[in-house]
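The active site annotation in TrEMBL covers Arg49, Asn67. As annotated by TrEMBL, domain 'Acylphosphatase-like' applies to 34-124. Summarising the annotation, TrEMBL assigns signal peptide to 1-25.
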Amino acid sequence: MCFLPLAALAPRAALLLLGRGPAAAMSTNAPLKSVDYEVFGRVQGVCFRMYTEGEAKKIGVVGWVKNTSKGTVTGQVQGPEEKVNSMKSWLSKVGSPSSRIDRTNFSNEKTISKLEYSNFSVRY
């Protein structure tokens, strides 16, 4: 099981409760992007989803992440183009401390008029 220290979560939770989290921060006129992703390598059993959720919240993007039955991790990221690009880089090069990313495929990248999610979540 993966755990983050409560202190690491508390400031972000307070921002979300105050309406200053990712969705509130993205109500600007910057173009919004959406992209689907699939990460290949050693990405299951290494807290990859939890670290992905944490990084997405830190960067300020919304979407989701989940494990697949074929041993990969898949999901979707939405937000301002610059923030989505930061998340794409993290998904391609960093990941969780114990993971090994062999490759990351991105698909369905498009400009959107509004966010489809209000936060970033782990799906099961």
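Every residue, even glycine, has its Cβ placed from backbone N, Cα and C.
Between the C-alpha atoms of Arg49 (active site) and Asn67 (active site), the distance comes to 8 Å. Helix, strand and coil residue tallies for the domain 'Acylphosphatase-like' (34-124), in that order: 25 helix, 39 strand, 27 coil [DSSP].
Each residue in the domain 'Acylphosphatase-like' (34-124) has a pLDDT score, and their mean in this model is 97.
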